[in-house]
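Novice: Below are the features I grabbed from TrEMBL:
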DOMAIN    1-82  domain 'Response regulatory'
DOMAIN    113-178  domain 'HTH luxR-type'
MOD_RES   D15  4-aspartylphosphate
Amino acid sequence: PDPGVDPGVDVVLMDIRMPGTDGLEATRAILADPATAGVRVVVLTTFEQDDHVVAALRAGASGFLGKGAEPEELITAIRRAAAGESPLSPAATGSLIRRFLEQEEDRSAVPREPVGLEVLTAREREVLAEVAAGLSNDGIAERLSVSPLTVKTHINRLLTKLDARDRAQLVIAAYESGLVRAGGGRAGRTVTTGDAPA
């Protein structure tokens, strides 16, 4: 279906449940159309349950906010999405963590080597873990004692090496690979919803 989005648009705020159409299908349609494939979609909804968050990110959404977000949060989210970041509300981040905690319960408790990240350098893995924690480029730069430009370079390399469209897909890759364990973080550091500004 025609997504009905002007190719000049940078960011779309998408409701999951709209009259006559499904927000996830609309997101897929926008990103599948070559004319609008570069548009950043931020899902805005009252539904922040695990299934909705994961489905939205898998559909290609760049971020996820609740409809209760304050105007300042919306403005910040739009700016972050336009800058290539993935704004996730604390509730949405919590949903992702719960989802991966459930998956971890089905896996062996024995620590394992992250899968599928062999192409990454040690520093790129560190940056990926911080992205999964929800930190901005400036936050990662401060945490790793490097410049924001260096962080941006690492993130661009991560996107290329992992064939990821945006930071949201990097977060999924970090969890699915086992680099970051929900609730347990990496190298003893706990990943919490507080690490993810809206």
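From the backbone N, Cα and C atoms, a Cβ is placed for every residue, glycine too.
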Novice: By DSSP, what is the split of the domain 'Response regulatory' (1-82) into helix, strand and coil residues?
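Specialist: Breakdown, helix to coil: 31 helix, 18 strand, 33 coil.
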Novice: Looking only at the domain 'HTH luxR-type' (113-178), what are its DSSP counts of helix, strand and coil residues?
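Specialist: The breakdown for the domain 'HTH luxR-type' (113-178) reads 44 helix, 0 strand, 22 coil.
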Novice: Could you list the residues of the same chain, at least six apart in sequence, whose Cβ is under 8 A from the Cβ of D15 (4-aspartylphosphate)?
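Specialist: Those within reach of D15 (4-aspartylphosphate), by Cβ under 8 Å and sequence separation of 6 or more, are G23, V43, L44, T45.
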